[in-house]
Amino acid sequence: MGSGGSPGRLRAGQRGIHGLAAVLLALVFLLVPTPVLAADSALLIDIQGPIGPAVESYVVRGLEEAGARGASAVILRIDTPGGLDQSTRGIIKAILASDRPVIGFVAPSGARAASAGAYILMACHVAAMAPGTTVGSATPVQLGGGMPQQQPPSPQTPQQGAEPPDGDAPGDGESDAAGDGGTVGARGTPPTLQDKIVNDARAYMRGLADLRGRPADEAERFVSEATNLTAAEALARGLVDMIAGSVREVLVKSSGLEVDVDGTKTVLKTDLMDVETFAPTWRDRFLGLITNPNIAYLLLMVGLYGLVLEATNPGILVAGITGATCLIVGLYALHLLPLNYAGLALMALGVALMVTEAFVPAFGALGIGGAVCFALGSIFLIDTDMPGFEISPILIGTVSLATAAIFVLVLTFAARAWRQPVVSGVHEMIGAPARVIAWSGDTGEVSARGEVWAATGETGLTPGTALEIRAVRGLTLVVARAGAHPALKTEEGTHA
């Protein structure tokens, strides 16, 4: 007998199976959602507020996501007063490494790209500003420095920040900071250090402007003179490519511009692009919350006091767990911020003194000293003058006063307790009433203060006889009939 099937029928069946598999595979691809954008889409990333670790993480991740989604361009909508140098450099490095054109747009009207924002705008392939916005004030603020001041010129050296007669500004060095506006120098800073800091920032700004084909001398004045320009002034000086009132207008005006993207000349075709906003995740929001210096400081306070409470009252557990969690999160946040370790050491000393006061009472000296150290450490904790990255003096004052008030309250209760007469122990038993439970000869058992004691006294006592305690000898009470004669309030012969 044969197999029952011809080769033609087998091949037809195989083709049918293959066709069904292809249809099913196509349906899978159609039904499963994909994050890939259309080729004519742009990803919008918002930079708002002071630039710190949270903003850096959000922007860098957004630029990476643009590549993963296949976006044709990225738009950075900027509104910032400045930020931290490390975070600013991280964002700029991501922009320079991007394989997609990045359009910087200072918006909405009333926004600014000050300090770090000016560096970021100069790093973008295309720079745009909305009407009523400003850019500039990129002179570095020295971390931990005093108030900025202009240094007087010397006969041998031109005034720092002044332009040479031919209008060319020096640009030696490599930038180290993207601080907020102000004149060059800081009180108490050696002139040579000022030169390094400012020349470093000048060179960084010039390098970014040169890279994008913008006038480096004009960009450098953001640093050397702390200039601030309106949108019209920046456009007239060639520092931005356009003035636009909306993201859509930016895309229309950017279309046709030629930019260098990752070493390749590219003509933008952005007029018909769709725009999708890249929203921050819960992690970005949480990081932004805890890296607020005020929040980080409060977390540190809650953590320290929680551990102190657990140490002085073992077994609470809730205080210890909460304190440890807040302390870890607070220290992580401080790790991401410009931390002054001297301030942290003062705070640690303050906590150590306050804990010592709890175990070794010193009538408030250690506690008050600890509170003072903690307040001074709080003032010096964040080592920067950047707006948005300083601990509020009001918060420091409130916490310090609350700490002092707590110690005054504790000392008040301690003083009252010290002045009160003894209400327990052997001394309090002298003169207290007792009653016979059982008696034989001159010894027996008596009830005193709700307890049964061995007792000794006169003979002939019967159960229920009212007594008075005259002395305590070890675990034996010396008793006598109540009212027989005045109780001897003496400790002679009395011992524990």
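Just so you know, the numbers here start at 1 and follow the chain as drawn.
Quick reminder: no glycine exception, Cβ is built from N, Cα and C everywhere.
As annotated by TrEMBL, compositional bias 'Acidic residues' applies to 165-177. Annotated domain 'NfeD1b N-terminal' per TrEMBL: 44-148, in sequence order. Per TrEMBL, domain 'NfeD integral membrane' is recorded for 294-410. TrEMBL lists 427-480 with the feature domain 'NfeD-like C-terminal'. Marked as region 'Disordered' by TrEMBL: 139-197. Annotated transmembrane segment per TrEMBL: 286-308, 315-333, 363-382, 394-415, in sequence order.
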With DSSP helix as H/G/I and strand as E/B, how many residues of the domain 'NfeD-like C-terminal' (427-480) fall in helix, strand and coil?
-> 3 helix, 33 strand, 18 coil
Short question: which residues 6 or more past the ends of the transmembrane segment (363-382) have a Cβ under 8 Å from it?
-> 293, 297, 334, 337-340, 342-354, 356-357, 389-391, 393, 396, 399-400, 403-404, 407-408, 410-411
Average the per-residue pLDDT over the domain 'NfeD-like C-terminal' (427-480) and send me the rounded value.
-> 89
Which numbers of helix, strand and coil residues does DSSP report for the domain 'NfeD1b N-terminal' (44-148)?
-> 37 helix, 31 strand, 37 coil
Would you list the DSSP helix, strand and coil counts for the residues of the domain 'NfeD integral membrane' (294-410)?
-> 91 helix, 2 strand, 24 coil
